[in-house]
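Listed features, source TrEMBL:
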ACT_SITE  Glu372  active site, proton acceptor
BINDING   His371, His375, Glu394  Zn(2+) binding site
DOMAIN    72-267  domain 'Aminopeptidase N-like N-terminal'
DOMAIN    297-526  domain 'Peptidase M1 membrane alanine aminopeptidase'
DOMAIN    606-911  domain 'ERAP1-like C-terminal'
SIGNAL    1-22  signal peptide
SITE      Tyr457  site 'Transition state stabilizer'
Amino acid sequence: MVARTVLITALLCLLASPTTFATRPAWKWLSEPSDFTLSFERELSDLAGSLPVPNRRQAVDESYRLPNNTSPIHYHLALRTAIHENSRQFSGTVKVLFEVLEPTTTVTLHNRRLTVQRAFLHEEAVGGGAGAQIEQVAHSTDPDTEHLTLAVSQLLPAGSRYYLRVEFEGALQNNNNMGFFASSYLDNSGNRRYLASSKFEPTHARSAFPCYDEPLLKATFELELTHYKEYNAVANMPLAGTPTPDSDNADYVTSRFEVTPLMSTYLLAFAVTDFTIRTADRQTVYARPNVFEETAYPLEAGNRILDALSDYMDISYYDYMPKMTQIAIPDRGTGAMENWGLVAYGEPVLLFNPAINTYRNRKSVTTIIAHEYAHQWFGNLVSPHWWEYIWLNEGFATLYEYYAAQLAYPEGEYWELFTVEVIHSAFGADASETVRPMNWNAATPSEIAALFDTVAYDKSGSVLNMFRAVLGDPVWRYGLKTYMTARQLDGATADHLYGGLQEALVSLAPTLLPATVTVRQLMDSWTSEPGFPVLTVYRTYGERQEAILSQERFLSSKRLPSGHVYYVPYDFTGGHAPDFEPTPAGYGWLAAKADKIATGVPNDQWIIFNRQQNGYYRVNYDAHNWELLIEALHNDPAQIHHRNRAQLVNDAYNLARAEWLDFAVPLRLMSYLRKETQYAPWTAAGSALTYLYNKLRGTAHYAHFQVYANHLLIDIYPTLAIDSVAAQETLLQLYLKQFITTWACRVGHGDCLAKTKQALAAAYQARTPVHPDIATAVYCNGLVDASDEIFVWVYEQFKSSRNQAHRTVLIDALACSRQPAQLESFLTTALGSGAEFDALLATERTRIVSAVYGASREGVDAVLDFLMVPSRVTEFVQRLGQSALNSAVSNIASRTNNQPELDRLNALLVSLGSQIPESVATSARSTVQNNFNWFNTLEGLVVVEFLEQMATTPQEL
């Protein structure tokens, strides 16, 4: 009884706020998929079966592919732009040297919305270049297939070469990050300056010039850009001499560039800007003049990462390209593009100002540079044969996004984030019944664009990392170099990669794999089939110390029979002699639906499979082994590797959501977090905690959840200085501190609320911004009930900032206010017009709305009130679009947990009437009903019962 009294008293002290807050602390809702009522019945697994021959190329409409009768050799592209005047028109001439592969009277290229004025067929001159004109050719464009067909009057024989000269005009696209597009920024005087740049992947080169816009159809490119003389031009290659005056207009010059290596059209890149340039060695960074000081870190990181990758690959980047340029494009979002020799980024993921940008910004800049630089090998030097194999680009880039960052900055511990940011993310998307496999054919531009998904990035990176670990670093690197060397300046399929790795095994480790198994068989079982397995470990607890292993595809919402067998590499360790260091020799292979193996682990000791979670699969255990693991975690978490602790938390929660486990198992397991000091297990628990928070907030059961969450935080919270930054804090310690601070304030921890409020008040009094590495938590929680003066002070920082990443942090912070008048005024800025709001990006306007309804229930109410005014709704749709309104309604519904909240939602739906589709209104009501129904599901009943017992009898846990 004494222990119980002490614990309850401690928890009550944590919940008691010394401040006068009348509202909940600031936080961010994290979206979860719609809840399903899952069947608890399990089907018996088929323990027999063999690996089927996969259907690796599903049928697509091949009419979108170019015919195979001609192939490009070289392009000479000349473009002219007056972007400095905000003119959206451009003109150009492209001369394409092509080879005839089959006798033909037509030549077919791609064209998207370009006006072709004239086209001519030329001989190839003896010394190179376009020779005598043969004829002017007729042309037509099919708007569906985007095929530009040019008809010639003679039969062109196979093996012959000609030049095709096409004169055309086009319009710069409006800041949509596709094709040749316009962007703008405000200079320090408030004047808007314009620029033009390109982004061609996957099928947008055809919107800038007629071309063979398929990745395998590589050619060399010779580029010239005519532009205003006060602007500069940059492209993949260095300038070929200084810009020369334009003969037609003295205010223009022509910048000519050296010829590129063989490359795909989607990798051609150029920009015309008034940017400033920072240079070090053979690398440069281009950015608008008023952020020049923010280019120092990306230049340093670029040099370090490119050198690290060159050493790792044993293939120097500079053997193929003479320079590397990075360019920060304003209002481009947070994406980036790996153009060979000219990598383009949205400003938030390239620019870094240590005075205002957070440790997370630095991490993003570092890892995204590493991602794009990895593409210089995976995608640029060797490109996909067709978009079906885009994972050969994006999977490797995702893997080396973290690995190369770690090589360049070992102290950053970036590799520690791979498991929780990539593998766990991939699991979420890959557990759908309708998900595609890694190899997946496509034909139309929209189909091709859809391939750039979580499967291409996170799943593929996870699968590749699994085989990197299984084969071992020497074999892996030897195989990659073999693959790269064989396919350099060409296209590749999955089989080419498998062949390189197989050759490495033969040379370095011929006995590593079973004699009858090839790399192709192993990897194809993962790349050509959708999803991933759950490995079930059923220990027999007999004298022989054996376990039955079985595999089944894991789905988040159902169990389906499947004959497919993944070749699952497994390793394990036990509580009697923990060894969490994976080695290639330590892996076995589950090559059937089930098998029995000897473990050597005593029956009274826990066993863990998938050491450090290198394998891309979940692991479930028999009930007794789960009990042994829970006991071990509660007794001494350090005896289990921190990545496996994160694995156990993530697996247990998701297995419970899919009804493989009683939900009490992850809840009991996560109780050990009271002793956890590492970031990975905590962030793995974040999904579970957020799910429960969103289900229970605003209900009679929420107080019990608060007790549970505070129980987890009671020991670690006092060890963290949440309102200051110590010089010795590592990246992972900063991640951990923000996570713990967020959750402590979220569930009403009095000290957390008081300290963040005091820290913001002190910053306001000193008129000094909060240190960037604690800014997210301090600004957000400090603004919960801040005075109008403090709110305006933070808002003015937002208005005056020209750093997009910093502005995003401040938007999210301002949305944390709980004052209706402050939130209303902030929402009004999202619709503002005139000079005062000229600096607002379109993405920032929509983020203001989503940040407000995402920050708190008070924020939801503020958006509800805002949209109850009909005139505002009309303006809302005009400024932000119908999709923003539909999204707001859907998100309000997902945050509706009780009858009064439902009454408010229904009033809004009635007020909006036909201003939203009926399907949106119906879906919103259905979402709320699902929220209510959850408490009558098995999962809901188990959770509520567990938390009630936890809150009332804590000494029993």
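Every residue number used here counts from 1 along the chain in the order it is shown.
Just so you know, glycine gets a Cβ as well, placed from its N, Cα and C.
Annotated features, which come from TrEMBL, shown on the structure.
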residue	record	Cβ contacts under 8 Å, 6 or more apart
His371	Zn(2+) binding site	Ala336, Glu338, Ala397, Thr398, Tyr400, Glu401
Glu372	active site, proton acceptor	Ala336, Met337, Glu338, Val343, Tyr345, Ala397
His375	Zn(2+) binding site	Glu338, Asn393, Ala397
Glu394	Zn(2+) binding site	Phe452, Ala456, Tyr457, Ser460, Gly461
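All protein chains considered, the CB of Tyr457 (site 'Transition state stabilizer') has 24 other CB atoms within 10 Å.
Note: the Zn(2+) site is recorded as His371, His375, Glu394; in the same chain, Glu338, Glu372, Ala374, Phe378, Gly379, Asn393, Phe396, Ala397, Thr398, Tyr400, Glu401, Tyr457 also have Cβ atoms within 8 Å of that site's Cβ centroid.
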